[in-house]
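Annotations for this protein, taken from TrEMBL, read as follows:
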type: BINDING; residues: Cys92, His134, His138; note: Fe cation binding site
type: ACT_SITE; residues: Glu135; note: active site
Amino acid sequence: MAILQILEFPDPRLRKIAAPVTIFDDKLGALIEDLLATMYEAQGIGLAATQVNIHQRFLVIDVSEERDNPQVFINPSFEVIENELSEYDEGCLSVPGFYETVSRPRVIKVVAQDKAGEKFEIEAEGLMSTCIQHEIDHLNGKLFVDYISTLKRDRIRSKLEKEHKQSA
Ligand code: QAP
Ligand code: CO
């Protein structure tokens, strides 16, 4: 198991569109374990493969208080099933230290595959719904800062670029 390096905004690799997973083998299983270990180490509630520079469509989530409910979604997609939005203060391990309110569909149906390639469906609401949508956005090269004003986004970009220069 390995802790992977998390790319940070405005790294252009966060803008790549991930390719569907087609092979469900032990190598994929090992990458999923690494992604989970990296998420827990960083104390996140979700992490997409794109964020660790793996451009394949899978992500991990654990929104439980006890940090003991890892959930894996491979080739995920979702449908909005209720015409209602909910707001959350979102953060992102790729945008450390910044939080902004984002509005997203409140209830969704998610279709995905598990690590054996078996298809499953879940209905998600609340934080889980927001988190899945946030992570699927990563697989499409999209970040939560894309939903806020250009002014706020540019300020966040400048501050992170400055931090990156100082630590380089
Ligand atoms: C996405 O984000 C999310 O800035 C997952 O210093 C977040 O796990 C979906 C984190 C909120 C819905 C609501 C961020 C940790 C973790 C930071 C995360 C930080 C340390 C973010
Ligand atoms: Co994120």
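Using the three backbone atoms N, Cα and C, a Cβ is placed for every residue, glycine included.
Note that this is a predicted model, so its numbers are computed, not measured.
Each of the listed features needs to be described in terms of its position in the shown structure.
Its Cβ taken as reference, His134 (Fe cation binding site) is surrounded by 24 other Cβ atoms within 10 Å in the chains shown. Mapped onto three states, the DSSP output places His134 (Fe cation binding site) in helix.
The 10 Å shell around the Cβ of Glu135 (active site) contains 23 further Cβ atoms across the protein chains shown.
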Within 8 Å of the centroid of the Cβ atoms of Cys92, His134, His138, which other residues of that chain place their own Cβ, given that this set defines the recorded Fe cation site?
Gly46, Ala48, Gln51, Glu90, Leu93, Ser94, Glu135, Asp137, Leu143, Phe144
Count the other Cβ atoms sitting within 10 Å of the Cβ of Cys92 (Fe cation binding site), across every protein chain shown.
25
Could you check which of the recorded positions Cys92, His134, Glu135, His138 have their CB within less than 6 A of ligand 1?
Cys92, His134
Under 8 Å Cβ-Cβ from His138 (Fe cation binding site), six or more apart in the same chain: what's there?
Leu14, Ala48, Thr50, Gln51, Leu59, Ser94
Could you tell me the C-alpha distance between Cys92 (Fe cation binding site) and Glu135 (active site) in angstrom, no decimals?
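The Cα atom of Cys92 (Fe cation binding site) is 9 Å away from the Cα atom of Glu135 (active site).
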